[in-house]
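S.K.: Sequence annotations record features per position, and here TrEMBL assigns transmembrane segment to A:32-54, A:61-82, A:94-112, A:133-160, A:191-213, A:225-249, A:269-289.
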Amino acid sequence: MLEVLHSLLFSTLDAAPALVFAALGAMLSERAGVVSVGVEGMMRTGAFCAAVAALAMPTPLAVLVGMVAGAGIAAVHGFLSIRWRSDQVVSGMALNLVAMAGGTFLLESLFGPNGTPAITQLSRWNVPALAHVPLLGALVGHSAPTYLALTLPFAFHLLLSRTPLGLRLRAVGDKPHAVATLGLSVSGLRWAAVLGGGLMAGLGGAVLSTAVLDRFEQHTPAGLGFMALAAMVFGRWTPLGAFAAALFFAFGNALRIGLASSAPWLLELVPQGFLLALPYLLTLLVLGLQGQRGHAPAALGTPYEQESR
Amino acid sequence: MSLEDASLDIVPGELLAVVGENGAGKSSLMNVLYGLYHPDAGTFLMDGKPVRLKSPRDAIARGIGMVHQHFMLVPTLTVAENVVLGREPTKRGLLDLDRACDEVAATAKRFGFQLDPRARVDTLTVGSQQKVEIVKALHRGAQVLILDEPTAVLTPQESDELAQVMRGLVQQGRTVVLISHKLKEVLGVADRVAVMRRGRTVAEVRASETTVSALASLMVGEGSRGAALTGVPVTAGPSGSDTVAAGAGTASTRSDEGTAPSGPIVLDAKDLRAKGDNGRPALQGVSLTVHAGEIVGIAGVDGNGQRELAEVLTGLRALDGGEGTLLGGPLADLTPARAKARGVGHVPEDRLARAVVKAMSVEENVALGRHRQPPFARGPWVDFKGRRERTNQLLTTYDVRPPDPTMALQAMSGGNQQKVVVARELDADPKLLVVVQPTRGLDIGAVAQVHARLREAKARGAGVVMVSLDLEEVLALSDRVYVLYEGRVTGHFPRKDLDERELGRRMLGAESDHG
């Protein structure tokens with residue numbers, strides 16, 4: 001039993017960072033009032049660019065490249081939704097489709113259908129003395145993103161609730177006109193949040209191809225971006241809530257892998273497809289239970305127009 | 001084009017009122033002064049030097065503060081957070097909320113306001129929210145404070161209090177610019193009055209040297225208006241209020257003082273209960289009756305259950321408890337379709353969201369809801385000819401401009417849109433008419449027309465329930481008035497007992513001792 005828990009905890013911590021980063025990124029953008037359904041596309045772009053960059057440079061640098069790539073996609077979203085005030089959901093979905101098709105196209109034309117060549121993974125922090133201690137040992141043996149994912153949510157919490165910038169971001173997501181009448185720049189704040197969100201989503205994607213796997217694969221991130229959105233909603237648009245929800249979803253993912261490997265008899269009872277769908281079903285269940293989106297920022301998805309009052 | 005050659009002199013240390021009809025350009029002019037709008041031409045001098053305001057930041061830096069008609073507060077933040085937003089005190093890079101609270105409390109105290117800096121803004125009354133707005137401007141060092149229609153949402157008591165606040169600010173050497181269309185109130189508090197009409201400033205007078213009716217004529221611009229206003233008496237309304245639009249054309253249907261309702265009962269509701277959008281109880285036991293041939297006013301401060309009551313009566317909101325009879329059927333299982341079938345007409349508050357499809361043509365909007373009946377349909381088909389004829393007829397009768405049935409509704413002015421809605425609802429000859437804020441945002445001409453139509457509906461024997469936040473409107477039209485406070489009836493006045501002060505007291509929740 002303890003062994004099962006140990007391995008569940010280990011794989012949860014291994015799978016969590018991508019979700020945590022993407023959920024924080026989406027939350028940052030949405031708290032400022034800009035819908036972030038494009039997070040899946042930002043992750044995919046980040047994952048692809050990081051994997052390609054890692055062929056030519058040290059992997060940690062490649063992760064940075066992935067972040068910038070995510071922010072690049074976010075910048076397009078920013079232009080569409082802040083500058084040209086287009087429908088933010090449509091803009092985000094369009095970017096998802098572009099990233100989906102573009103990723104496949106570039107992958108196949110550059111490397112063939114089986115993914116990029118293997119790269120050097122981010123190194124893991126191994127402590128042999130601890131590795132076999134039950135439960136405690138599950139905390140070691142991860143790469144840097146895992147530890148970052150365990151601390152960054154608290155930094156975001158501090159940013160939003162305790163800094164002037166955070167106060168302004170919250171205000172601009174709830175009532176942009178109030179912010180404008182105080183002489184602050186609504187679009188400036190929203191740009192900062194959208195680009196910051198893109199960096200985080202790009203980081204989430206880069207982690208997939210440099211820490212979880214050792215390459216960019218055809219289907220990356222396979223809906224993880226949407227799961228991150230679900231985590232953000234489930235976490236009521238708060239950093240710590242999104243963090244907890246992301247951990248919960250990562251646990252669901254680990255449960256799937258764990259069940260398949262530790263209880264092979266289960267596979268005879270339950271179709272493999274059902275197990276594969278488990279994390280997504282969990283997501284649906286959780287969102288269904290939560291009900292209305294009463295905690296969303298009031299001005300979410302509404303383009304700011306100065307003349308309308 | 002909302003401003004055309006407007007000029008204004010603001011003298012330090014005085015209370016200047018800017019009056020004018022809706023759409024006369026008052027708010028636009030103030031938004032120019034506050035750096036939100038940029039004028040195409042013209043100059044702005046401060047202390048004799050030309051100044052260009054690129055954004056509110058410039059205006060704030062020069063000591064100009066503004067309290068907008070629709071409050072510019074973030075409802076989810078606290079009082080202190082709203083006040084310091086944009087110039088937050090920090091300690092080692094982090095927000096110093098304690099200092100913010102102290103500073104805000106100090107500013108509030110200096111100007112004599114009672115405010116809890118830690119309270120969340122959405123828990124405050126409208127009157128308190130307005131104080132937060134004023135403190136916000138003063139905290140930024142405003143020497144000139146612009147208040148845009150500040151009393152539109154206040155009870156008479158809160159308005160009195162605000163008048164004292166404004167006088168107090170002037171005594172402390174600040175300059176106050178008050179925008180309003182309530183002339184009596186303006187004359188009670190201002191030193192000087194500037195009158196705007198159609199984007200121009202047409203007069204500047206000392207408050208002590210003018211009268212309500214003189215200002216009203218300046219506002220409307222006697223002789224310069226079209227036929228819509230010919231014959232509209234510009235007089236003081238009932239109970240001495242300064243209602244400018246007291247009745248239009250054939251104002252023969254005015255309520256007689258003290259007439260008791262006599263027609264058959266069209267609505268008899270007992271102990272109505274319903275939840276609001278937020279899931280909290282919005283109606284907590286409202287009982288009311290409406291007779292055919294009377295206008296029943298529902299007064300109250302915004303958000304005390306009026307909207308929910310109107311929705312219950314039109315089948316848009318489910319009852320949580322209570323019972324009643326509406327036009328011969330139970331109230332409990334009312335749906336919009338059933339309400340319509342029984343003869344309920346509805347002029348909702350937010351016409352663009354609920355009354356019309358703004359991108360569709362006027363004639364299509366007129367047909368909405370009756371699109372399956374003659375003359376709008378013949379069998380399963382649209383009767384284009386019949387629809388056009390009926391629409392043309394209505395556009396003429398209701399003086400909609402331009403009288404073009406093919407025009408997209410959104411291309412019309414708000415007043416004409418509302419005339420189309422009223423025309424459609426009255427054309428169905430309703431037995432019970434539920435109207436919410438029927439004249440909000442309309443100019444004087446349209447207000448007079450809508451009022452005349454409501455009186456006409458009453459004369460034809462309809463029971464009219466009119467929810468309005470505008471106390472003058474309630475006083476001018478109602479045969480009886482119910483006051484709602486926190487989802488309960490706190491007052492019920494027949495016409496002969498109507499008293500503005502007492503209504504105001506009840507709107508603030510004072511206990512009922514009669515009715």
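Glycine too: its Cβ is placed from the backbone N, Cα and C atoms.
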S.K.: Given a Cβ distance threshold of under 8 angstroms, which distant residues of the chain, six or more beyond its ends, lie next to the transmembrane segment (A:133-160)?
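M.R.: Contacts with the transmembrane segment (A:133-160): 2-3, 5-7, 9-10, 13-14, 16-18, 20-21, 24, 27-28, 31, 60, 121-127, 166, 169-170, 203, 207, 211, 238-240, 242-243.
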S.K.: Within the same chain, where does the transmembrane segment (A:61-82) have neighbours whose Cβ lies under 8 angstroms from its own Cβ atoms, ignoring anything closer than 6 residues to its ends? I mean 6 or more beyond.
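M.R.: Contacts of the transmembrane segment (A:61-82) (Cβ under 8 Å, skipping residues fewer than 6 from its ends): 25, 29, 34-36, 38, 41-43, 45-51, 53-54, 88, 91-92, 95, 99, 119, 122, 187, 190-191, 194-195, 197-207, 209-210, 303-304.
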S.K.: Within the same chain, where does the transmembrane segment (A:94-112) have neighbours whose Cβ lies under 8 angstroms from its own Cβ atoms, ignoring anything closer than 6 residues to its ends? I mean 6 or more beyond.
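M.R.: For the transmembrane segment (A:94-112), the far contacts come to 37-38, 40-42, 44-45, 48, 52, 73, 76-77, 216, 218, 220, 225.
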S.K.: Ranking A:32-54, A:225-249, A:269-289 by Cβ pairs under 8 Å to the transmembrane segment (A:191-213), which is first?
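M.R.: By the under-8 Å Cβ criterion, the transmembrane segment (A:191-213) pairs most with A:32-54.
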